[in-house]
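Here is the structure we will look at.
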Amino acid sequence: MEATGVLPFVRGVDLSGNDFKGGYFPENVKAMTSLRWLKLNRTGLCYLPEELAALQKLEHLSVSHNNLTTLHGELSSLPSLRAIVARANSLKNSGVPDDIFKLDDLSVLDLSHNQLTECPRELENAKNMLVLNLSHNSIDTIPNQLFINLTDLLYLDLSENRLESLPPQMRRLVHLQTLVLNGNPLLHAQLRQLPAMTALQTLHLRSTQRTQSNLPTSLEGLSNLADVDLSCNDLTRVPECLYTLPSLRRLNLSSNQITELSLCIDQWVHVETLNLSRNQLTSLPSAICKLSKLKKLYLNSNKLDFDGLPSGIGKLTNLEEFMAANNNLELVPESLCRCPKLRKLVLNKNHLVTLPEAIHFLTEIEVLDVRENPNLVMPPKPADRAAEWYNIDFSLQNQLRLAGASPATVAAAAAAGSGPKDPMARKMRLRRRKDSAQDDQAKQVLKGMSDVAQEKNKKQEESADARAPSGKVRRWDQGLEKPRLDYSEFFTEDVGQLPGLTIWQIENFVPVLVEEAFHGKFYEADCYIVLKTFLDDSGSLNWEIYYWIGGEATLDKKACSAIHAVNLRNYLGAECRTVREEMGDESEEFLQVFDNDISYIEGGTASGFYTVEDTHYVTRMYRVYGKKNIKLEPVPLKGTSLDPRFVFLLDRGLDIYVWRGAQATLSSTTKARLFAEKINKNERKGKAEITLLVQGQELPEFWEALGGEPSEIKKHVPEDFWPPQPKLYKVGLGLGYLELPQINYKLSVEHKQRPKVELMPRMRLLQSLLDTRCVYILDCWSDVFIWLGRKSPRLVRAAALKLGQELCGMLHRPRHATVSRSLEGTEAQVFKAKFKNWDDVLTVDYTRNAEAVLQSPGLSGKVKRDAEKKDQMKADLTALFLPRQPPMSLAEAEQLMEEWNEDLDGMEGFVLEGKKFARLPEEEFGHFYTQDCYVFLCRYWVPVEYEEEEKKEDKEEKAEGKEGEEATAEAEEKQPEEDFQCIVYFWQGREASNMGWLTFTFSLQKKFESLFPGKLEVVRMTQQQENPKFLSHFKRKFIIHRGKRKAVQGAQQPSLYQIRTNGSALCTRCIQINTDSSLLNSEFCFILKVPFESEDNQGIVYAWVGRASDPDEAKLAEDILNTMFDTSYSKQVINEGEEPENFFWVGIGAQKPYDDDAEYMKHTRLFRCSNEKGYFAVTEKCSDFCQDDLADDDIMLLDNGQEVYMWVGTQTSQVEIKLSLKACQVYIQHMRSKEHERPRRLRLVRKGNEQHAFTRCFHAWSAFCKALA
């Protein structure tokens, strides 16, 4: 692999995470003669490899987290070695060689987390030491002579040892900036050396037994000390010496015994972080409000109550985090909510009763933790906060405007909706600081003046153009304008805004930015765009634009360079011309741009045009593993690689096989099949054939690709198999050197998609780690991928391809390992599977509110308005503002009923009995049962369209000229024949299963279609959702009984029926309801059927007429009583108040209070709120709605004239709930302005918990039915 010739140019490489156990180490490292830094962390090394001796220029060596017991070997022979990092090993004192401290340049030594019992011998000879870390060992003493020579130390970490004292020579460390002594028993150490360390910036003394007596009295000389940690000690108050630190920024005093704070804390004017958790504080002094730069304040686990927090805490305008968990707080000061930058507020485990109402105006808040406060009641959210719900403006004025209301109506609604002043307005004003308000006012004034000036200039230009003679020709540059094309991807906002040189190279039809290191180097087969930005004599920006044509460049590159150069000029608004420069014939002005120092390089990028050639596919086989997101592991291309517990994918280019083992899961098989579909769609243009194979049923072609069928397919993959962790390298290229650092993606986060509050370490690769301007190498052990960013330099790409080959051959890999190249935007599916949630779909944030859109950077003027319009979610609330559907008059309904029945030529009924449809007896017409299915075949007469009257008269005259019967017969033959139409109505009870519809579809429907070809229409209906034309055939005598038509007769119970008309007399039904006297209503008629046990008299049927019922309905009730119920029952019509006690009230189950009016019938409306159209929309159900119109996955709004009920189904999404709540509020506000005498109240109803005021709006309310098959 040395043929690539790149190893001598490698200056740094990170080989961490590879397995170098057992004495193996890649010999190719010796060829990296220019290596400056080398990382071998977590590689399993037990001793230093001999190959290090060849790295004579090595300066930094890191061998952390290994199994090293000694550093003896080649280290002392590396003359340039500056840094040795050997933390987290098993080093003892005998394993640290003395001769390494004789290296002249050794300045960094990290031997932390080892087994040292004393300081390494000869350490004092390392006179140039700058960083020394001996923490987490067992060192008990520090020799006095150590710090006699190490006077240049900048960083010293001796934490987590057994030190009881410190040498006095430490006072010589006048350059020391960081001192860490955590976890040492320094009870008797007075730390008198500290005042002498004048350069100290960080001092950590956590858990060092500090008290008031063993700290220096003053640290006034430490003017640079900014970070102090005195946590986990025995301090009862803040040490006086801390008040003398002028530059203190971070102070940790947690886990002490501090009971109070001094008023002197106002001297910490620069403090940004103050941690006082786990102390005994009962109050904070008011002086803490003077810490104007404080950003983080931690007060957890103290004894603070409401009086202990100063009322002026709102003066901390820079406060971002406030934590006071596990205290005795019942309230928090209202001023705390005036901290405009507060992001994190933690108040859990307190005794909170409520929070200030201004808590809702903390716009930057990300974390609000109030858990374990059992008596907490959150304050109500402020009303009328428009445009904050999923970027939809729910204000009444805006929704009326969208619904097409007139401006007068909108203005009237605005006037009616403007009530008293918002009590929260004052808190909102208090939240804004005085200085920011002045800045905003100044900006508004400047903006207003600018707008006025621009408008004035525009009018002057228009008037000047109007006065100019029409024959005058405008100059070419006066017509320049920015192109409408989107060039932001190629030319960034700062292009041409700073003096300097910018160069683009044409690649695949588009300009790609060239790094500054490669300016002046031109490929002979390429074209370039050169932009020179400079300041003219007046101090204004000016530009020169050239496009350079290579001698071997193709036509497409020449054309694109000229086009993009012109668009760049228009993009900048420049008045200069674009100058063409050809290779070998450059102008003097062009050469001066590069100081006459340009060079030509052979070669160039490929043409942007497609070349027709056959694609070569490499046959590979992968083992599929993983549960939630599958991954593919390459395996050798032979039959013995198969395992019956897994699914394998064999990729042969245009033939893809998915092999399922006998013990593989169906889920893995399905996911592997989907994975193959993605490969076919994205990489094979849909031309590949995917074949699913099951173990034991393989095709000969499958075994041919694997070199033959094995004798037996065995289990050979270990149960705990998991492939090595992928390693992501970033290729770095400088002047004459290459670097290959690893990206520690274990600590990476999805910073582009996830909010800050959810930033947690993820041990997965993320797509956001890949920068389009860079090149990366992804080492997956059995696969090495080279990812090329679209804007990456060409030389970096070439170097990466060679480095990938070297890296593949450098380590022990299986024979089937390959190196593949992936271009940004055309990545292979196998490469994408290595990343977490690789997403090719454009991300759209539907939760962004209007304020977030307005704060989008880089938006101004019309662009800003366009962005707002684009980001707004569509919502349709028009139905809320339409008037209620007026009821149909009785005369109109009867006329319509008469017309439909005149057209009816005949009707036959069928009912499902068992598995067949039987003919329905005529005496049962109009009777329906909730558990049955019915079919009605209706034959309608279709009127004949006769010819015009004149032609008809002519025909009659001609007919008169003929004689007798012959003329009459001829006239009759010419008359058009009457036509007919057949409609089959299928009616299904709400308790019937769907088997009735399936039975009808496959039996009766086919028979009807054969009898009436081309003239049959099928209408499917469910109970109480019938077609009005169908209802008209029963002439308002439509009775729905509960149960089945031929149910097993047992002890009969009384049954109660309600007659009700919904919106029109056509929609009149008599439906059986629960036998309960509380369901009676004075405005309706009811029928009560009471059976007797006597054989002579079957029972009695009462028609109960309410005192306020409609007379027409009373007549209808009497008619139904007499004609539709069994003649064996005696019948009686009774008025309300005249009920017989013996049979009526006994039969109905005792007398109970019931409603005496149905005023709600005049106002009831039902709306549906849904996202099924792809956006939020509200639609209104017709006035003849029923219980089954309540969709379980949507929100329903029911208005009864007094209350608006928001009904929530069990499968409703949270998005619909939030949007429907705002829509409901808009509707109530609209009705308040429209019917101010009937103000509505909002009520929430969940499915299954409906109250009587809600259910009475529905005819024959009963328990919800479960979904039936």
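Cβ from N, Cα, C; glycine included.
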Residue from Ser792, Ser856 to which Swiss-Prot assigns phosphoserine: Ser856
Annotated region 'Disordered' segment (source Swiss-Prot; candidates 452-473, 1024-1045, 1222-1243): 452-473
Phosphoserine according to Swiss-Prot, picked from Ser94, Ser860: Ser860
Ser436, Ser711 - residue that Swiss-Prot labels as phosphoserine: Ser436
The repeat 'LRR 4' (80-103) - residue tally per DSSP class, helix then strand then coil: 7 helix, 3 strand, 14 coil
DSSP three-state assignment for Thr818 (phosphothreonine): strand
Non-local residues, at least 6 beyond the ends, that sit with Cβ under 8 Å of the repeat 'LRR 4' (80-103): 56-72, 109-118, 120-123, 125-126, 131, 133
The repeat 'LRR 1' (7-32), counted residue by residue under DSSP: helix, strand, coil: 11 helix, 5 strand, 10 coil
Average pLDDT across the repeat 'LRR 12' (269-291), rounded to a whole number: 94
Pairwise CA distance, Thr818 (phosphothreonine) versus Lys21 (N6-acetyllysine), rounded so that it is a whole Å: 23
DSSP residue counts for the repeat 'LRR 2' (33-55), split into helix, strand and coil: 5 helix, 3 strand, 15 coil
Within the repeat 'LRR 12' (269-291), residues counted as helix, strand or coil by DSSP: 5 helix, 3 strand, 15 coil
Same-chain residues at least 6 beyond the ends of the repeat 'LRR 12' (269-291) whose Cβ lies under 8 Å from its Cβ atoms: 226, 231, 246-263, 297-305, 307-310, 312-313, 315-316, 318, 323
Residues from the same chain, set at least six apart from the ends of the repeat 'LRR 3' (56-78), whose C-beta lies under 8 A from its own: 16, 33-48, 50, 84-92, 94-97, 99-100, 102-103, 105, 108, 110
